[in-house]
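Here is what Swiss-Prot records for this protein:
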type	residues	note
REGION	1-20	region 'Disordered'
COMPBIAS	1-13	compositional bias 'Basic residues'
REGION	28-49	region 'Disordered'
DOMAIN	95-176	domain 'S4 RNA-binding'
Amino acid sequence: MSTKSRTRSKTRLSRALGIPLTPKAAKYLEKRPYAPGEHGRSKRKQDSDYAVRLREKQRLRAQYGIREAQLKIAFQEARRTQGLTGENLVEILEQRLDALVVRSGLARTTAQARQLVVHRHIMVDGKIVDRPSFRVKAGQMIHVKPRSEGTEPFQVAAAGGHADVLPKLPSYLEVELDKLQARLVRLPKRAEVPVTCEVQLVVEYYAAR
């Protein structure tokens, strides 16, 4: 799929879910804040309970850019963990390496963060990690491989070039962009994680399966 096609696909998905998944999609949603299709402007008919829960699950999955199987595994772990399942789920997903790379400003989008990880530009505590799903633990340091620091994507990041599209830095991260590094100082809490999702609806979706 070409870059143009991927952008168009993300924009269409953003409109369908009602959330911006990329900076370009955010601008598009400002102009057309309705679902794609010829009837997008008209008032939508009342969705069924199942449709509402399904859409909320899709919104969470899309914001982390993960497959259904990955989300289901995370949900099963969240259900086994003490506490509220929905909150546990978001907190588990937020510990993904690709999520923290974009959250810290080292990448502009989740897709770019995943690419940087897969191409072995990212290290955790001095060791290269090429799995976007890698679970970062509290206290661990995420940083750019020294040989990659001078490349254009990281020079842009070091200059704060993504600040215009990323949410405010959450307090569970300590970031030094000039050094291209970020530390997960503690585990995230759901209320701090900048994702749009009614997590209880996601719990209800899986509970009914």
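Every residue gets a Cβ built from N, Cα and C, even glycine.
Taking DSSP states H, G and I as helix and E and B as strand, the domain 'S4 RNA-binding' (95-176) has 26 helix, 15 strand, 41 coil. In the predicted model, residues of the domain 'S4 RNA-binding' (95-176) average a pLDDT of 97.
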